[in-house]
Amino acid sequence: MSSLRLLISDSYDPWFNLAVEECIFRQMSPDQRVLFLWRNADTVVIGRAQNPWKECNTRRMEQDGVKLARRSSGGGAVFHDLGNTCFTFMAGKPEYDKTISTQIILNALASLGIQATASGRNDLVVIKDDGERKVSGSAYKETKDRGFHHGTLLLNADLNRLADYLNPDPKKLQAKGITSVRSRVTNLVELLPGINHEKICAAIEQAFFNYYDEKVFAEIISPQALPDLPGFAEQFAKQSSWEWNFGQAPAFSHLVDTRFVWGGIELHFDVLHGAIDRCQIFTDSLNPAPLEALAERLQGVEYRPAAIDAVCLQLSDDFPESQAELLQVQCWLAEVLR
């Protein structure tokens with residue numbers, strides 16, 4: 001029986017692909033060497049220890065239908081679209097060696113006529129007339145007996161959208177956690193016109209087979225054709241949950257303020273594990289009682305517009321004389337906290 005396994009996903013859902021990756025990693029035989037090829041439709045993927053409110057323009061992402069996905073490995077935030085090809089190499093220890101998987105990718109690029117080198121923070125770079133440009137970034141995960149190396153290759157990604165979603169709004173956000181390092185990037189299509197997902201995947205597959213001097217048939221994975229993956233439903237539920245993608249954020253503080261006709265309002269949020277740990281309010285309103293009640297009731301609530309909306313609606317029932325003002329506050333918070 002071959003020690004190699006090749007899996008290709010035809011799903012563009014990041015939560016599906018990351019759930020498949022995690023399940024295969026947990027269940028693979030220690031003597032296997034696995035290559036998983038996949039890609040995601042519009043998604044921001046963040047590292048395990050990152051804060052999405054700090055890393056991403058969450059409001060713009062929601063407006064444009066861009067998903068947020070937290071991976072189980074470390075590293076920074078990246079934007080994926082169908083112009084990216086994603087790869088994952090897995091192996092048991094002591095066989096696992098990220099320099100081997102890096103070399104396989106370099107060999108694949110070289111077979112297409114692209115000379116790239118490994119550089120710095122787990123990147124692959126090429127030399128252009130205007131200097132060194134990144135074409136691939138990677139992250140890693142290791143357990144006691146196995147490890148994986150996954151990353152992306154920029155083929156024909158919409159680089160303008162990187163700034164749309166990876167530069168957060170100036171929200172007066174003071175956050176603990178890891179901040180992404182921004183790099184100068186380029187698409188491989190600028191070096192090799194006509195390159196696409198199918199061609200780069202074929203090159204990576206061949207380099208994988210050549211390195212180990214073995215060949216296997218690909219297993220095509222889709223929501224309609226899942227391999228036997230015990231625990232997949234639970235893993236997918238986790239990957240797609242608000243609790244995992246947002247609730248795992250490190251502690252942070254957020255200040256928002258505005259002025260209405262009836263007075264100014266300033267809210268200070270301390271957020272822990274995606275929930276409001278403390279809320280302070282300052283206002284020059286002539287009727288501060290409803291706003292003070294709001295601050296008190298927001299403690300312990302999930303830090304997302306839907307949960308805060310529910311508190312505001314309940315408060316309007318308790319303070320009917322202030323319904324108009326509370327509705328304004330509700331609409332404002334729904335906008336600034338996205």
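Every residue, even glycine, has its Cβ placed from backbone N, Cα and C.
If you check Swiss-Prot, you get these features:
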- R71, G76, A77, V78, F79, K134: ATP binding site (BINDING)
- K134: (R)-lipoate binding site (BINDING)
- 29-216: domain 'BPL/LPL catalytic' (DOMAIN)
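Farthest C-alpha pair in the ATP-binding residues R71, G76, A77, V78, F79, K134: 21 Å apart.
According to DSSP, V78 (ATP binding site) sits within a strand segment. Other Cβ atoms within 10 Å of the Cβ of F79 (ATP binding site), summed over all protein chains shown, number 23. Under a cutoff of 8 A between CB atoms, and with a sequence separation of 6+ in the same chain, the neighbours of R71 (ATP binding site) are L18, V45, I46, G47, R48, A139, H150. For G76 (ATP binding site), the number of other Cβ atoms no farther than 10 Å from its own Cβ, over all displayed protein chains, is 20.
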